[in-house]
Every structure is written in C-alpha cells, then in structure tokens.
Amino acid sequence: SDLWVPSINCATCQNQNKFNAAASSTCQQTGQTFTISYNSGGQTAGVLDIDALNFGGLIINQQTFAEATTITGSNLNTAYDGILGMAWPANAISQAVPPFNNLVNQGSVAPVFSFYLNRDINGQPGGELLLGGSDPDHYTGALTYVPVVPLSPNAQQLWWTFYMGGGSVANGPQFCQGGCMAMADTGTTLIIGPTADISNINVFINGQDQGNGYYNVDCNSVANLPVISFWINGVEFPLTPNQYVVNNDGSCLSGFGYDTGSSATIWTLGDVFIGPYYTEFDFGNSRLGFAQAA
C-alpha cells in the first residue's frame, strides 16, 4: 500500500524520471528509512519524505512516500517510474496513510476506485483508473459483488482478498474445489495459483514449464485451447484462450503461472483476469465488483 518513486540520488536508475527533494520547497525529509521486497524478485530501499501530491488532479498536501535510492530486480529501469500501492492501509510498510485513503479522508472522493485495462497492445486508451466510482462506459451488464475478507479470521484486512467458489477447465481439470481464497491485484500480470493446480492446467493446454513460474504454449494451438472459468459469488467468469494466452510478438505465454518463492495456496487474479473483467475496489462497502469489460 506504499507509494515510492525513484530518487535523484539513485545511481542505478538510468531510464526513469527521478524526484529531487532539494528542488521542492514543500518537501520534508523525515530521515526514516524504507525497504520493500517483492515476490517477483528485487528490492526497493530509500528514505521517507512528506510533500504535496497531485493524484489525478486532486491535491494531498501532506503525503508520506518513499524516495527510492536503491532499486534492484524487476522494478529497475522500467517503462514505469515508481509504484503506487492501493491495497488496504494496514498493508503499508511505511505505516503511512496511502494516497487514495488520504483523498477519501479529506473528502475529495468516495471510498471506491475502479480499473479498466485494455489488453489490446495497440488500443487507445491503454486503460483507466477511476477514483471515486466506476465507469459504465467500460463495462457491460451489472457488477457482481463479493465481500473482501482477511486471509485468516480476526486478522487485519491487508489485500483485496475474497472467497472464490471454484474453477474449471472445459472438459478438463477442476481447481479451487470446494472454494478457496483469492485476491485481485493489478500489480500482478498473470493469474498465479497453487503450483499443483497451475501444473494441471498447463499440462492440459500443453504448456511447457520454463522453471521460473512461467509456461510457454504453442501459438498455433491457441484457437483450439479450452475455455477456463472462475466462479465468484455464484457467477461464472470464463476466459477464452485468446484472453488467457499472452502473445508477445509470436512467442506465446500461458496466463497461468506460479510463484517460485512461495508455497501459498491463494489465487491471485492479475491483469490476465482484470483485462477481460472490469474491476471495482470498494473500501466503503468492503467488497470487490466484477463485470464484463467493454
């Protein structure tokens, strides 16, 4: 749930815009350190600052964020500069109130935000983050809502976790039988699940394990692959092969992967799912909403 941006003092940040605290007359440097590690590999470390933040044209006058002086792994020299966390406030490593929650607290927006992700690499717009509601121009039908629940009873709500009813491959294996925990996460590209279930799915679609959590599939076979469905609050959310196979210039990647650094049993519905299904994150009602994207 933290916000961090590359610092002008980050020597290894070559292709990213950098924040210069000395050039901001309103920046307060706290002297507190910050470190966050990612399951995808790598770490970001730096110091905490307080400054005015412009978020979607809305101003937060006193926002704590991390000025990253060291970035390693997958977040170094990327097309994006930093990371804006939008999980629950208790998940903030910095213990600071996250930017969106600050906007809610100061009365600028309603306590809900929504994502539309355009999976067409050449499509315009590439996506939309709407603060304060949802955009009916980007989904069809009604949103299906499901309550968010913590990973364990009496625990704090940290992520956008919920109870998923199950899943199945058409004419193939079932998974999440009897129900399981899942989370919606725009910061995850694929759909990540328990290793055994992910293996069963990929074996059925002839995916080749690359040994790093990813599976390749034959691009020529995509049209013949089965539909794979998830059940959320009694509603089926099917994914066609064109939706769950990622084609990168003729190299095809299965949308179902596993986390090499974890044996967790939770499912993470990343961009492969959120692309086809518009997703509303509702703090106010402690729920998630899903609808067919348009």
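Here, residue 1 is simply the first one shown, and the rest follow in order.
A Cβ is built for glycine as well, from the same backbone N, Cα and C atoms used for every other residue.
Predicted automatically and left uncurated, TrEMBL annotations should be read as such.
As given in TrEMBL:
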{"type": "DISULFID", "residues": "CYS176-CYS180", "note": "disulfide bond"}
{"type": "DISULFID", "residues": "CYS219-CYS252", "note": "disulfide bond"}
{"type": "DOMAIN", "residues": "1-291", "note": "domain 'Peptidase A1'"}
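Structural mapping of features recorded in TrEMBL.
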residue: CYS176; record: disulfide bond; Cβ contacts under 8 Å, 6 or more apart: MET164, GLY165, GLY166, GLY167, ALA182, GLY193, ASP197, PHE230, TRP267
residue: CYS180; record: disulfide bond; Cβ contacts under 8 Å, 6 or more apart: TYR163, MET164, GLY166, THR265, ILE266, TRP267
residue: CYS219; record: disulfide bond; Cβ contacts under 8 Å, 6 or more apart: VAL245, ASN247, GLY250, SER251, CYS252
Self-check item: Cβ-Cβ neighbours of CYS252 (disulfide bond) (radius 10 Å)
Solution: 20
Quiz item: According to DSSP, does CYS176 (disulfide bond) fall in a helix, a strand, or coil?
Solution: coil
